[in-house]
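*Asks:* Per TrEMBL, the features are:
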- 60-79: compositional bias 'Basic and acidic residues' (COMPBIAS)
- 192-201: compositional bias 'Gly residues' (COMPBIAS)
- 207-245: compositional bias 'Basic and acidic residues' (COMPBIAS)
- 246-259: compositional bias 'Basic residues' (COMPBIAS)
- 260-277: compositional bias 'Basic and acidic residues' (COMPBIAS)
- 285-301: compositional bias 'Basic and acidic residues' (COMPBIAS)
- 336-384: compositional bias 'Basic and acidic residues' (COMPBIAS)
- 385-401: compositional bias 'Gly residues' (COMPBIAS)
- 103-181: domain 'RRM' (DOMAIN)
- 48-79: region 'Disordered' (REGION)
- 187-430: region 'Disordered' (REGION)
Amino acid sequence: MTQFLPPNLLALFAPRDPIPYLPPLEKLPHEKHHNQPYCGIAPYIREFEDPRDAPPPTRAETREERMERKRREKIERRQQEVETELKMWDPHNDPNAQGDAFKTLFVARVNYDTTESKLRREFEVYGPIKRIHMVYSKRSGKPRGYAFIEYEHERDMHSAYKHADGKKIDGRRVLVDVERGRTVKGWRPRRLGGGLGGTRRGGADVNIRHSGRDDTSRYDERDRDRDRERERRERSRERDKERERRRSRSRDRRRRSRSRDKEERRRSRERSKDKDRDRKRRSSRSRERARRERERKEELRGSGGGGDMAEPSEAGDAPPEDGPPGELGPDGPDGPEEKGRDRDRERRRSHRSDRERRRDRDRERDREHKRGERGGERGRDEARGGAGGGGQDNGLEGLGSDGRDMYMESEGGDGYLAPENGYLMEAAPE
């Protein structure tokens, strides 16, 4: 494919000429042969200077010595400046010191962002203010952090001196003092080596913590108050914790009591349900027996044509001919089947307490007695109306359908209902 390229492009792919070989100009270090071997400095000692003619050695200054020297020089310069300024300082002839010195208040440790209007609002509460002079730096024009406040009355200045010390303004607690430059003889400001402060004497071992009119005992009292307040808060927290623990235990006890009451109510409901269930079961068995007896009675009456049944006397006291009083026939209440049911009933009743058995028996007896009275009256009325003034039957026929149902339902109790007077009768012993 390249044979079809033009010559100028083929020249780009052509190899270059090989680099010609040139002999080295000098030998390599390992190929050089040294005529003179290496030797020591012994041959050159004679060229050294004679120690007797050498100048004495000079001692160099160490870093610590240099720093100490600079510090001493700075202190000396500062002392000279203080002496010069002290000769020129005269507070009574100062043009910035105006007004009455005994009505002027000195305020220090002022926030650099605090304005003159802010100071006026804070200190006007003690009395009317005549003038406020805030001190600024001559070089930068920034506030120096202290000011002089002149009041209209001296009593207002004394009130501010007494109550405004330690007041927090713009996040900083100010220091309040009287003007001492024109009122105290021999007074010198801090920049001239005076003042009341001792916080800038040197290191932490010589500086004091509080300066100015700060009373150490007052700060100690504040510290004691702060400690007492802290202890009071701790005791309060402990009492709150103990109260919360007692409240928690009380809640637990109430919760357990509620759970026990709830469990007792649940058990009581279960026992009530069991009693209702047993009562319904006995009632259903009684109705079932009554229904079977009624069917058997109907069968016997239908098979015998009604002639085999004994007719009751006119007084209604004569028992039927088929058996002793209380029997309705061969399969009546005193039959073997009914005796087995009574035996099971007595066995179940024996598991209940005597108190419950007596209470249930009295309640059932009262209920059946009321039913028997109502059913007996209704059955006798029907029997007199049906017989046209004739004699009554053995009591079952005279009670009518309602009376017979009532009589059959009463068999589920402890005895049976007598047809003569409607009272609940005890069952025959086994």
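Backbone N, Cα and C define each Cβ position, glycine as well.
A TrEMBL annotation is a machine prediction, not a hand-curated record.
These figures come from a predicted structure and were not determined experimentally.
Could you tell me the structural context for the features on the list?
*Replies:* For the compositional bias 'Basic residues' (246-259), same-chain residues at least 6 beyond its ends with a Cβ under 8 Å from one of its own Cβ atoms do not exist.
Within the model, the domain 'RRM' (103-181) shows a mean pLDDT value of 92, rounded to a whole number.
Here the region 'Disordered' (48-79) is broken down by DSSP into helix, strand and coil counts: 17 helix, 0 strand, 15 coil.
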*Asks:* Mind checking how the domain 'RRM' (103-181) divides into helix, strand and coil residues in DSSP?
*Replies:* 22 helix, 30 strand, 27 coil
